[in-house]
Amino acid sequence: MAFNKIWYTVALGLLLPFSYAHTDFFTSIGHMTDLINTEKDLVVSLKDYIKAEESKLEQIKKWAEKLDQLTDTATKDPEGFLGHPVNAFKLMKRLNTEWGELESLVLKDMSDGFISNMTIQRQFFPNDEDQTGAAKALLRLQDTYNLDTDTLSRGNLPGVKHKSFLTAEDCFELGKIAYTEADYYHTELWMEQALKQLDEGEVSSADKVYILDYLSYAVYQQGDLGKAMMLTKRLLELDPEHQRANGNMKYFEYIMAKEKEANKSSTDSEDQMEKETEVKKKDYLPERRKYEMLCRGEGLKMTPRRQKRLFCRYYDGNRNPRYILGPVKQEDEWDKPRIVRFLDIISDEEIETVKELAKPRLRRATISNPITGALETAHYRISKSAWLSGYESPVVSRINTRIQDLTGLDVSTAEELQVANYGVGGQYEPHFDFGRVSPVFCLHLFLLHKHCVSLFQVANYGVGGQYEPHFDFARKDEPDAFKELGTGNRIATWLFYMSDVSAGGATVFPEVGASVWPKKGTAVFWYNLFPSGEGDYSTRHAACPVLVGNKWVSNKWLHERGQEFRRPCALSELE
């Protein structure tokens, strides 16, 4: 029975990973859930091993207790004990046979089943890139949401269901990863947190000497020589023979002496230059600051006068036969650009179907190298995505028809439904989604019309998942990104929210200060292009990192071709 159980575990380990083998786990919460089942399987295997070892030790213990009593009696009167012929026979038998059996039992390896399972599963474990990616995600969340290290370490986040905390060793690991990236700012924060937790009495394998070594250097790299010297002195109190610390101390003292000799006026001038440089650095990424403020809900609020122009209504798709008797609920989210939200527009059953179709196909986002043309991993986009076409499932086909009915736009030239799953701290840095197109497709090109369809995208945002500011349409002053499709630029974006999010995960528009918060079963819609075919630059948007929870979205990008009479050209470029 035990033999069969071991082989069942091994067989299970063989079957599951090949079915769900994926790379870049940290880029998709959807795929990370498979690791939970993997770890559970390993725990079961480990407990079986422990039971086998305990059974083995119990047998050895009983043997030892029995012989302990016997030898105590025998050693008190060896001759009298062996005078009994049965005792003499049993002594010969024990030493010749039974002790050999005991030796075999002691040497018996009970770990074969566990080690076999570990060997099989290990090849599908996350790697160093996953661990580094997850660590960077925590740092990104810390910056975006202005979280101090103590709050993050203690797991005091809004909306958490399963509270967790970071040990001093975890904090030390985060600091080391930041250090390898030459990110001395975060190195200092997390090494100080590790040191604080150790000073408070936390029992840990983390060594204060190693922490102080990293911390003092990180502080020095940021220009705080006095603090670097203080930390180095503390290190030397713990380990007076530390070679690097002694060398650093001499170097710090030398630098300090040189600074004291420097002319005070030149020092003041340098300080002023540093301040000016710092101001320039702060002004260098104004969009990034606006984006992070919007993610935190700190953006500019719409004036009451503009708010009065926003309404909610029952919408029938401009008298579409399918919605005349059963109109949908629609509400205005923003006026310029006009962003509308459709409520209860996709059912839970449809959401689950789309997710199940997409999950096996989720792959790491890639981009085409503009020089070589080769596909490369998009490091500014931490996510996995899949594409679903209408012919594969009646659910996807029904969703496509719904989008066409409610927007009034032809979906036969739209891209397929894209399903995206953002991972830990998933992001998509500021970019334009619109292709750089030269010709204007606002013409009545019926003879050239092509039914080139792109897929329906579904996205799943994980812990810290985000999609940074970008456009969903193509700019006309750059190479045509959609030339091969032959369907023109991305005229509009339809975005389904397929999950609720406990904290974070908003869709923000930094150019105008709009924030749209995810709500399961709803969808938002906006035009990327003016009727003239020119891009509306105010639609630059981003998906904020998911602080707590899991975010699934799906996108439908509609193109210009086929909309010639559905959305005619205007006389002005900006109309």
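Cβ coordinates are placed from backbone N, Cα and C, and glycine is handled just like the others.
The average pLDDT for the domain 'Fe2OG dioxygenase' (452-560) in the predicted structure is 80. Residues annotated as domain 'Fe2OG dioxygenase' in TrEMBL: 452-560.
According to TrEMBL, the repeat 'TPR' annotation covers 209-242. Look at the repeat 'TPR' (209-242): DSSP puts its residues at 27 helix, 0 strand, 7 coil.
What TrEMBL records for 1-21 is signal peptide.
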Please indicate, using numbers and ranges, the residues of the same chain that are 6 or more beyond the repeat 'TPR' (209-242) and have a C-beta under 8 Å from a C-beta there.
172, 175-176, 179, 184-185, 187-188, 191-192, 194-195, 198, 248-249, 252-253, 255-256, 259
